[in-house]
Amino acid sequence: MNVLVIGSGGREHTIAWKFAQSEKVERVYVAPGNDGMSDVATCVAISEQDHDQLVAFAKENKIGLTFVGPEVPLLAGIVDRFQEEGLRVFGPSKRAAEIEGSKSYAKQVMKTYNIPTGSYEVFTSFDEAKAYVEAEGVPIVIKADGLAAGKGVVVALTNEEAIAALDDMLNQDKFGGAGARVVIEEYLEGEELSLMAFVHGETVIPMVGAQDHKRAFDGDQGPNTGGMGAYSPVPQFSDVQLKQAVNEILIPTARALMQEERSFTGILYAGLMMTADGPKVIEFNARFGDPETQVVLPRLKSDLVNVIESLLDGQEPELEWDEQAVLGVVLATKGYPGSYEKGYTISGLEQLEDDTLVFHAGTKREEEELVTNGGRVLLVAKQASTLREAQAAVYEELNKVKSDGLFYRKDIGSKAIAERAVSSQTEQ
């Protein structure tokens, strides 16, 4: 069969790469894709917003399955449109995707259905929000209600930071309509976990856990980004804790969305904090995380097409996972997540080892050269028997990649590796 992946980033490159391994798949198309994906897919110059063209392309090219990568087309109703046209598609409807599209709606669902999360209030008035922050005190978390490409969250450690964030969102329109309403929530302490699942109605098939690194710079410094690296598994969490998160959060959320008449089909992503009181939800996404996908899908031994098709056919597929660890580091353009230039030359990728995974997010071919064409540009990952080995291998490979315009964090996975070392010493 032919499959179509909608999107253009590193996540979509990974999904296309996984589809290309399936014996069922003849051709993988990605719309619009990027030039770095041509190893596994044919890129099609159609915007992810152009529903008419995408539908026409799917019909003309006998696409047997379409997979929607990013959140923006999901919230624009691309899945509803494909279904109306009789095309098989994997992703949530517009109504179901609101679990990501509106943080206040997600919070309301959690409150109604007793899904563990931090306490919160919603504001549209700057003065009321400011008064609330001053009454509650810091640290406190301020979030734009709508989509802000992973950058609409501020963990304010001082009153000044909190008020500046509220001013940005409610007065300065920093995120446009997405920030016209803000969610102010309790600051949760603990270890973070990204837990994703294949979902169809009440059927929830969890994946292995991952942890991403949101801050731009080493030591978790700097502004929030879409994610600067990730690893899987997450040794800080036991199998019992992962099972608890599935039973107390993922399954009840799928059931809650059924109750809300917003039945969810697709990838449900829970960003969790493992607190002293157990797992609590920080956020939901209605799609694969980026960069978590780039370290989770390489561990999936099962055929991705079989998993999705059996789920859509009402079955419960069993997933087979590789025990090995995967650690990936994002190379981003200097200036990201703020303003940055494009067009920096990238060299050295051809010198990387054959088993090194390279997923392209923002690259472009100009004549014979590969150049930067986005904020997050590449993710380089390695698979090894331990996180420590995977980390050492990745950073050795990154020494071969040359570009004047790129930076990356030097500490992806370090905290987990250090904690692992301490726990194994105490076990001896």
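Glycine residues also receive a Cβ, built from the backbone N, Cα and C atoms like all the rest.
Positions annotated as domain 'ATP-grasp' by Swiss-Prot, on the basis of sequence analysis: 107-313. The feature ATP binding site is assigned by Swiss-Prot to 133-194. Among the features that Swiss-Prot reports, Mg(2+) binding site is placed at Glu283, Asn285.
Neighbour count (other Cβ atoms within 10 Å of the Cβ, all protein chains): 19 for Glu283 (Mg(2+) binding site). Predicted-model confidence for the domain 'ATP-grasp' (107-313) is 94, expressed as mean pLDDT. Secondary structure at Ala149 (ATP binding site), taken from DSSP and collapsed to helix, strand or coil, is coil. Neighbour density at the Cβ, taken as the number of other Cβ atoms within 10 Å, is lowest among the binding-site residues Val141, Ala149 for Ala149. Within the same chain, residues at least 6 positions away in sequence whose Cβ sits under 8 Å from that of Val133 (ATP binding site) are Ile140, Ile142, Ala156, Asn159, Ala162, Ile163, Leu166, Ile184. For Ala165 (ATP binding site) paired with Asn285 (Mg(2+) binding site), the C-alpha to C-alpha distance reads 22 Å. For Arg181 (ATP binding site), the same-chain residues lying six or more positions away in sequence with a CB closer than 8 A to its CB are Ser104, Val122, Phe123, Thr124, Asp145, Gly146.
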